[in-house]
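Accompanying notes for the structure given below.
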Amino acid sequence: MFLNMTPSIINRIAILTSGSDAPGMNACIRAVVRGALYHGIEVMGIRRGYGGLIRGDIFSMTSHSVSNIIQRGGTILKSAHCPEFMTVEGRQKAYEQLMNHGIDALIVIGGNGTFEGALHFYEEFGVPIMGIPGTIDNDLFGTDYTIGYDTAVNTALKAIDRIRDTADSHERIFLIEVMGRDSGYIAVQSGIAGGAEMVVISEDPLSTQELVDTLKQGFNRSKSSSIIIVAEGETKGTAATLADQIRKQVDDKFDMRVTALGHVQRGGTPSAYDRILASRLGLGALEGLLDGTINVMVGIINNQLVYTPLREAIDRSKPIKNELLRMVNILSV
Ligand SMILES: Nc1ncnc2c1ncn2[C@@H]1O[C@H](COP(=O)(O)OP(=O)(O)O)[C@@H](O)[C@H]1O
Ligand SMILES: O=P(O)(O)OC[C@H]1O[C@](O)(COP(=O)(O)O)[C@@H](O)[C@@H]1O
């Protein structure tokens, strides 16, 4: 539900990070806190996501609370999964904590699950909610980019560049698995920037036969090394499984290795882009809330701040453009 109300009285807000710890979240927390203080609003920080809310792990934040964090990865508020919040009883406890602390509205930074929980919370208890997209996977409708995605792509890219050195020197094929449980965004973007021969994503899967054929064609054109980027998909180890399938079809023709980049992609210093995005979204979230815009996710589309109803942000998908995958094929020949 999207409500654009006459501004209600908001004197004290609370903020939490949940699900993810995508790089840039700290810059976002800083923007919310400093923005609130600018507007004369009190801010409470909630530690460890919804679990912290249920337990009352809530503290008052000052300008000093967010000093020296803009450059830090992770989240100073900590992030956690909380099965209890998925029950009405858990959310009832959370509501009581909000009331006990005199909190008028809640800002949540996270992904789909975080927003789903927040929406239930609003529907059951009427707590005004503002969502901010924080996930390295970039798979949220209602924003061109999510907080952490740019940093993750750049981290993956640095690793790909290094692996390419070995691929080239030893004339090997590398399958590099990048993160993206349900989403191939990191794979496609890092694949294009890293000059990969192929990108395998679950949204547009390539058959083993297609992979083998492309590798053989490259080999016949005297290509001595190849990089294949694989989005991890539902199950980690996708690249290893794929490598086994390829090996069965090519015997010992190719010297092949697999590297799964894993959680290095979710940590580290946020890029300039992520810090700026996070700052804009944080201030935009706060000011939207003060204007009475609730139950929405703040995003940036075509460089404009926009607010998308949470239901829509959760339910709608943001497909990867076919032209990007086509480009991988054309440019790697
Ligand atoms: N359907 C739901 N109902 C209530 N709370 C939910 C629901 N789905 C997720 N949540 C809450 O949001 C938290 C984060 O969700 P999760 O899916 O783990 O991460 P993300 O926000 O990154 O998608 C969960 O641990 C849970 O507390
Ligand atoms: O093993 P964990 O820590 O739950 O995280 C793995 C998952 O996190 C993700 O990177 C999602 O990242 P976010 O937490 O930033 O949404 C997925 O791509 C991956 O499957």
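Even glycines carry a Cβ here, placed using N, Cα and C.
As annotated by TrEMBL, domain 'Phosphofructokinase' applies to 12-287.
Marked as ADP binding site by TrEMBL: Arg30, Ala31, Val32, Val33, Arg34, Arg164, Gly195, Ala196, Glu197, Arg221, Lys223, Ser224, Ser225. In the three-state DSSP scheme, Ser225 (ADP binding site) is classed as coil.
Here TrEMBL flags Gly111, Asn112, Gly113, Thr114 as ATP binding site. DSSP classifies Asn112 (ATP binding site) as helix under the three-state reduction.
According to TrEMBL, the feature Mg(2+) binding site maps to Asn112.
For Val264 (substrate binding site), the same-chain residues 6+ apart in sequence whose C-beta sits under 8 angstroms from its C-beta are Thr155, Ala159. Annotated substrate binding site per TrEMBL: Thr135, Ile136, Asp137, Arg172, Met179, Gly180, Arg181, Glu232, Arg257, His263, Val264, Gln265, Arg266, in sequence order.
Taken from TrEMBL, the feature active site, proton acceptor covers Asp137. In three-state terms derived from DSSP, Asp137 (substrate binding site) belongs to neither a helical nor a strand segment and is classed as coil. Other Cβ atoms within 10 Å of the Cβ of Asp137 (substrate binding site) number 23 in total over all chains.
With a CB cut-off of under 6 A applied against ligand 1, the binding-site residues Gly111, Thr114, Ser225 are reduced to Gly111, Thr114.
Over all protein chains present, the Cβ of Ser225 (ADP binding site) has 20 other Cβ atoms lying within 10 Å.
Most Cβ neighbours within 10 Å, among the binding-site residues Arg30, Lys223: Arg30 holds that distinction in the structure as shown.
The domain 'Phosphofructokinase' (12-287) scores a mean pLDDT of 95 in the predicted structure. Proximity to ligand 2 at the level of Cβ atoms, with a cut-off under 6 angstroms, picks out Thr135 from the binding-site residues Arg34, Asn112, Thr135, Lys223, Ser225.
Gly195 (ADP binding site) and Arg266 (substrate binding site) are 22 Å apart (CA-CA, integer value). For the binding-site residues listed here (Asn112, Thr114, Thr135), the lowest count of other CB atoms within 10 A around the CB belongs to Asn112.
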